Amino acid sequence: MNVLQGMAAALTPLGLLWTAIIFGVSVFLHELAHYGLARAQGVRVNSFSVGMGPVLFKKLWRGTEWRVSLLPIGGYVEIDGMAPVEDADGQWRLPTRGFAALPAWGKIAVLLAGPLTNLLLTLGLMTVSFTSQGIPALDRARIESVETGSRAQALGLRAGDVITAIDGQDIPETRRVGGQEAAGYEGVRDALAQAGRHTFTVERAEQGQPVQTRQVAFDWQPTVNGQRQLLGIRYGPDVRQVGVGQAFVTSVDTTVRAVPQLVGAFTGLFKKFFTLDISQDQNVSGPIGTAEVISRAAALSPWALVQVATLLNLSLAFFNLIPIPGLDGGRILLVLVSALRGRPLSFQQEQAINLGGFAFVMLLTLFVVVRDVSRFF
């Protein structure tokens with residue numbers, strides 16, 4: 001299978017369509033927030049583009065040129081007073097009107113609007129998902145299926161049974177594994193990696209019957225004659241049904257808990273970038289990897305797509321707040337530096353910083369794309 005065949009197998013037409021929709025809507029709302037906060041402070045927005053690249057269609061409305069561009073991979077807004085202006089002598093200088101004339105807090109409000117919108121989308125999508133589908137109960141391992149003829153079937157385990165304790169110890173919400181926080185229900189796997197006698201406390205809820213609790217004890221050897229042994233179950237976290245309020249609280253908690261993971265993921269990406277290490281990991285995907293994940297989610301269920309959209313918006317919010325010139329976080333940093341100095345940076349200083357930041361972001365994007373494509377060689 002050549003490279004193009006491998007990519008075609010990974011990226012389905014429906015998946016590509018959903019990728020364009022999810023990514024396009026997320027970036028469109030991000031840019032719309034910048035637009036709204038600028039207009040709310042009396043700053044003109046020269047153009048608003050849905051998509052990138054060559055303009056396919058444009059229309060002037062309310063002082064803004066609204067564009068539809070060729071590539072459905074995002075969008076942008078051109079806010080008056082953000083870009084350098086050329087004077088009558090052909091010299092470029094920093095603007096003094098529009099965005100440039102706003103106080104520091106006003107500029108930060110415009111710049112923060114985009115990432116905060118993605119964050120609110122994250123919380124909103126997560127709240128809807130938790131309200132409809134329930135929240136994961138990480139302290140309970142729900143058996144999803146039992147293989148016919150397996151050891152688990154012989155022990156009387158069934159799909160729908162819930163393991164609540166292992167060897168007399170209640171399963172915790174989370175546990176530490178190798179210095180990292182892991183879900184408690186995954187302790188089932190750890191138990192099955194150890195030889196000896198194990199006891200699972202199992203709850204079974206028959207329809208219309210009270211919950212039954214029983215102890216399932218068995219002797220276990222992880223390997224026999226060099227062959228890995230399998231209990232014969234597929235399991236995941238149990239689910240608790242909650243109302244909107246609890247779903248929102250859980251969404252906030254989940255988002256806060258995800259921040260250290262995002263920091264670690266992007267730190268790892270930057271290390272790989274600076275060392276030109278294109279080896280794969282599961283932490284950060286480029287556009288092709290993201291489209292592949294969305295293709296798989298589209299084949300599963302609408303709720304799988306909601307989960308991917310949630311993660312994408314959280315990643316967009318976090319990435320845009322990284323203090324790299326050219327990103328919202330970098331622009332906010334420059335505003336703060338100017339406020340602390342009591343005067344703006346010179347035209348040459350700001351241009352050099354922004355050009356360096358833009359080049360870094362473009363090279364990082366190219367690196368991620370190359371790393372994505374390298375999987376198919």
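Glycine is no exception: its Cβ is also placed from the backbone N, Cα and C atoms.
Per Swiss-Prot, the feature active site maps to Glu31; the stated evidence is sequence analysis. If you draw a 10 Å sphere around the CB of Glu31 (active site), it holds 20 other CB atoms from the protein chains shown.
Annotation comment: Swiss-Prot describes His30, His34 as Zn(2+) binding site, evidence class sequence analysis. Every protein chain shown contributes to the tally, and the Cβ of His30 (Zn(2+) binding site) ends up with 26 other Cβ atoms within 10 Å.
Look at Swiss-Prot and you will find 109-198 tagged as domain 'PDZ', backed by sequence analysis.
What Swiss-Prot records for 108-130 (among others) is transmembrane segment.
Counting same-chain residues at least six beyond the ends of the transmembrane segment (303-325), those with a Cβ under 8 angstroms from any Cβ of the stretch are 18, 22-23, 26-27, 30, 114-116, 118-119, 121-122, 125-126, 128-129, 132-133, 255, 258-259, 262, 266, 290, 293-294, 296-297, 331-334, 353-354, 356-358, 360-361. Taken from Swiss-Prot, the feature transmembrane segment covers 303-325 (among others).
Per Swiss-Prot, transmembrane segment is recorded for 351-370 (among others).
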So what's the average pLDDT for the domain 'PDZ' (109-198)? 93
Specify the count of other C-beta atoms within 10 Å of the C-beta of His34 (Zn(2+) binding site). 24
For the transmembrane segment (351-370), give me same-chain residues lying six or more residues beyond its boundaries with a C-beta closer than 8 angstroms to one of its C-beta atoms, as numbers and ranges. 84, 92, 269-270, 272-273, 276, 278, 284-288, 324-327, 330, 334, 345
